[in-house]
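Engineer: One structure, as structure tokens, below. Some questions next.
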Number of protein chains: 4
Amino acid sequence: MPCECCHKEIESKSKSESDEDQLVISGNAEHPANLICELCRNFYENGWVTGTGGGISIRDRERELLYLAPSGVQKERIIPKNIFVMDFKNKAYIRKPENLKPSACTPLFIAAYGIRNAGACIHTHSQSAVLCTLLFDKVFEISSIEQIKAIPKVTEPGNLWYSDKLVIPIIENTEKEEQLESTLREAIEKYPGTTAVLVRRHGIYVWGETVWKAKVYNEAIDYLLELAIKMRQLGIPTVKQLE
Amino acid sequence: MPCECCHKEIESKSKSESDEDQLVISGNAEHPANLICELCRNFYENGWVTGTGGGISIRDRERELLYLAPSGVQKERIIPKNIFVMDFKNKAYIRKPENLKPSACTPLFIAAYGIRNAGACIHTHSQSAVLCTLLFDKVFEISSIEQIKAIPKVTEPGNLWYSDKLVIPIIENTEKEEQLESTLREAIEKYPGTTAVLVRRHGIYVWGETVWKAKVYNEAIDYLLELAIKMRQLGIPTVKQLE
Amino acid sequence: MPCECCHKEIESKSKSESDEDQLVISGNAEHPANLICELCRNFYENGWVTGTGGGISIRDRERELLYLAPSGVQKERIIPKNIFVMDFKNKAYIRKPENLKPSACTPLFIAAYGIRNAGACIHTHSQSAVLCTLLFDKVFEISSIEQIKAIPKVTEPGNLWYSDKLVIPIIENTEKEEQLESTLREAIEKYPGTTAVLVRRHGIYVWGETVWKAKVYNEAIDYLLELAIKMRQLGIPTVKQLE
Amino acid sequence: MPCECCHKEIESKSKSESDEDQLVISGNAEHPANLICELCRNFYENGWVTGTGGGISIRDRERELLYLAPSGVQKERIIPKNIFVMDFKNKAYIRKPENLKPSACTPLFIAAYGIRNAGACIHTHSQSAVLCTLLFDKVFEISSIEQIKAIPKVTEPGNLWYSDKLVIPIIENTEKEEQLESTLREAIEKYPGTTAVLVRRHGIYVWGETVWKAKVYNEAIDYLLELAIKMRQLGIPTVKQLE
């Protein structure tokens with residue numbers, strides 16, 4: 001995520017509303033391009049994407065399109081015209097905003113779309129995520145907290161139960177975000193029940209069947225990461241010994 | 001609270017404004033259906049209902065109706081049409097939004113309405129509530145903090161005094177929310193002076209004579225729970241030894 | 001501050017805009033009745049007046065009036081019609097909103113107006129204030145922090161310097177807020193350089209020459225209280241030994 | 001930063017829209033005078049400029065002008081008419097709002113403009129900045145955290161890499177802000193790769209090529225300062241030993 005944010009680029013506007021613009025300009029608040037802007041503001045307010053960090057993409061299953069937030073821009077200031085659009089089948093960009101670069105997260109998002117048939121992917125630099133990767137070794141683990149019931153089982157329908165153990169794999173960070181792709185793919189394969197992967201000293205990737213499920217999973221997991229840090233600070237194990 | 005939030009369901013709208021819709025559509029900001037939406041946004045901003053957690057219901061004493069937020073949806077995005085309405089006398093739903101499920105909190109809310117003649121019930125997954133159930137055993141206790149004066153005595157008119165001890169029972173969590181009903185009822189009976197019950201590793205239930213009293217009690221209790229954790233971290237007992 | 005907040009009372013409206021209403025209804029955002037509403041929302045967002053706690057009053061020096069927020073209501077929901085107005089000279093109420101009670105802070109505010117010729121007084125239940133009264137004995141002390149330069153010297157024109165020591169007296173809490181009056185008066189007299197008094201296990205009173213000065217002092221002091229707690233937790237003394 | 005904030009001064013308005021006003025009145029949201037107001041509100045919400053602390057200035061390279069927030073006023077309430085404008089070449093004020101004082105940060109901002117050819121400078125009283133100056137000695141250091149990639153190398157194009165060490169010099173505070181100028185200049189010269197300078201027990205100065213880069217650097221650095229404190233509290237070194 002080298003920050004090459006340049007406000008002028010965000011400002012750049014096509015003179016006429018081209019065909020490409022029609023892909024992202026919509027009066028419907030539920031349009032992926034509008035949702036990306038709205039959710040980026042929400043994430044910014046939560047401190048998850050400050051300083052151009054993080055990213056999000058949404059898949060339009062019907063039209064077989066992928067909508068992606070651009071690289072290195074202030075997430076809370078993204079407007080629909082900044083959004084990249086990709087053909088889901090051949091992974092070719094069919095809309096590239098002038099002067100903006102595609103997100104380095106793209107290959108990682110594509111991994112989750114491909115392996116897990118996800119409908120949306122979120123990447124944040126949440127401090128709770130970063131800190132948990134410093135407190136846990138190979139996996140983050142927590143059990144017997146009600147909020148766990150918001151997380152899906154993935155390998156079968158339905159969500160985890162209260163006393164189930166949530167396990168999220170942690171992969172090592174690399175110098176460039178793209179280099180994470182192979183270990184991320186391995187982690188997704190190795191942990192068929194996970195809907196997220198933590199990246200050491202970096203952040204978290206979360207995906208879901210729909211954009212709203214991805215958002216809810218991300219919120220619920222961040223709640224659990226934050227709670228786990230507080231539990232550690234108070235000397236309480238995050239995995240409860242069942243009697 | 002298995003999270004089965006599905007945005008399409010939230011979107012679902014009746015074609016015509018049916019009689020059922022009239023129960024929840026009102027231009028009056030004080031209408032229970034509008035208040036539920038407003039308060040859910042407020043709770044979301046406080047981090048109490050992230051990831052579809054928590055719930056709220058309001059009783060209309062005059063018309064003998066109960067308004068209930070639905071299960072497993074994003075609380076900050078609830079709209080009046082998502083609200084369930086129940087006949088208070090016979091506890092039958094007279095409005096069930098299509099594709100939504102009634103909250104698993106409902107039997108718990110009904111317990112507080114029945115035993116305590118409450119006018120509104122709030123349930124949150126507040127992290128301070130969860131942490132206090134890990135720091136305290138059978139009951140949460142705090143005394144000699146001014147904010148305690150916002151909490152009612154319940155067994156007699158008026159509120160607690162500054163040096164009174166606030167005692168909130170803690171019950172054990174269960175796999176399913178409905179299973180909490182009997183122990184919640186027991187706790188309410190055993191602690192006739194409490195206006196709240198904590199659930200271990202889960203959250204808190206708070207009720208009051210009116211929706212505003214319930215909201216104020218919930219805020220004041222959450223303030224005290226948060227303060228209690230900080231006091232513990234600083235090595236200060238939450239119950240003051242009176243000289 | 002016994003919490004007797006009742007939403008209906010807030011709702012109560014006079015049928016016609018009486019003479020009394022004209023005291024608080026104004027299109028000018030700077031009118032004391034409007035400022036009280038605005039600042040209460042600001043304080044609520046800062047967590048200083050949750051659960052009906054805290055209070056504020058503003059003096060209109062020209063018209064010799066005192067505007068006071070009511071007792072036991074949700075501070076973020078106050079509207080101008082809820083404001084009490086007092087004749088500054090004889091301390092008689094010339095506007096008492098129906099069904100509302102005057103704030104128990106009133107005699108304390110009057111002490112600051114009388115002894116210090118204040119133009120506005122703020123009272124909050126800030127958790128940082130409460131915690132500092134548990135970490136410090138007779139006075140709160142901090143020095144050599146830039147933010148101290150926002151605090152006035154009081155006994156002479158101008159503000160404290162960076163390396164000056166800010167000293168805020170701490171008085172013991174009482175069962176009823178009114179009972180604080182005599183010790184508050186004593187503290188103000190004993191510490192002629194203070195623009196605030198902390199109340200053990202309760203909160204803080206801050207005043208200033210104008211409403212904006214009171215707000216700025218309150219913000220700057222709360223910043224210092226919060227910082228002091230973090231410094232203590234990190235083992236750093238709040239008063240710097242000068243070399 | 002002696003706080004001499006006086007609301008009346010903020011209120012002061014010229015009778016007619018003078019030539020001087022035209023320098024700061026614009027319908028363009030990207031006009032420096034509008035951006036200063038917007039960013040000050042953003043900083044206030046982040047707790048970086050509470051109680052009149054902090055400051056910001058933006059350079060208009062084309063017109064060779066410097067826009068500066070005034071001294072000692074509430075940053076979240078600044079309006080364009082409060083903005084000072086300076087001729088960049090001869091450093092003479094060409095717009096001085098009546099009753100307001102130029103910011104004491106001005107000579108410090110000018111140092112960054114002159115030595116580094118900056119396009120904008122930000123100064124905050126961030127508590128994380130203050131605390132890090134109490135936890136670190138001559139420099140703040142952190143490495144191997146993804147967010148570091150948002151910070152520029154400065155001495156060559158591009159940003160730091162993940163495993164690079166971010167080093168920010170810490171200078172000692174002085175009684176008056178102006179007195180910081182020489183040591184700030186020395187630090188900028190001595191650390192040619194830094195885009196920020198911390199001031200012990202005071203806060204931080206951050207600059208960048210454009211206002212948006214300065215904002216992003218400030219956000220990313222504050223994230224790292226906050227994270228560093230949490231890492232220290234958890235016993236984790238902020239500089240990773242590379243294997």
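Here the Cβ of each residue, glycine as well, is placed from N, Cα and C on the backbone.
According to TrEMBL, the feature active site, proton donor/acceptor maps to B:Glu146. TrEMBL lists B:Cys105 with the feature substrate binding site. What TrEMBL records for B:His123, B:His125, B:His202 is Zn(2+) binding site. Look at TrEMBL and you will find B:34-229 tagged as domain 'Class II aldolase/adducin N-terminal'.
Help me picture where these features are in the structure shown.
Structural biologist: Following the DSSP three-state reduction, the secondary structure of B:Glu146 (active site, proton donor/acceptor) is helix.
Taking the Cβ of B:Cys105 (substrate binding site) as reference, residues of its chain lying under 8 Å away and at least six apart in sequence are, in sequence order, B:Gly55, B:Ser57, B:Leu68, B:Cys121, B:His123, B:Glu177, B:Tyr205.
Taking the Cβ of B:His202 (Zn(2+) binding site) as centre and 10 Å as the limit, one finds 28 other Cβ atoms among all the protein chains shown.
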Engineer: Cβ distance under 8 Å to B:Glu146 (active site, proton donor/acceptor), same chain, sequence separation 6 or more: which residues?
Structural biologist: B:Tyr162
Engineer: Of all the binding-site residues here, B:His123, B:His125, which one's CB has the most other CB atoms within 10 A?
Structural biologist: B:His123
Engineer: Which of the recorded positions B:Cys105, B:His123, B:His125, B:Glu146, B:His202 have a Cβ less than 8 Å from any Cβ in chain C?
Structural biologist: B:Glu146
Engineer: With 8 Å as the upper Cβ-Cβ limit, not reached, which of the recorded positions B:His123, B:Glu146, B:His202 neighbour chain A?
Structural biologist: B:His202
Engineer: Which whole number is the mean pLDDT over the domain 'Class II aldolase/adducin N-terminal' (B:34-229)?
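Structural biologist: Here the mean pLDDT over the domain 'Class II aldolase/adducin N-terminal' (B:34-229) amounts to 97.
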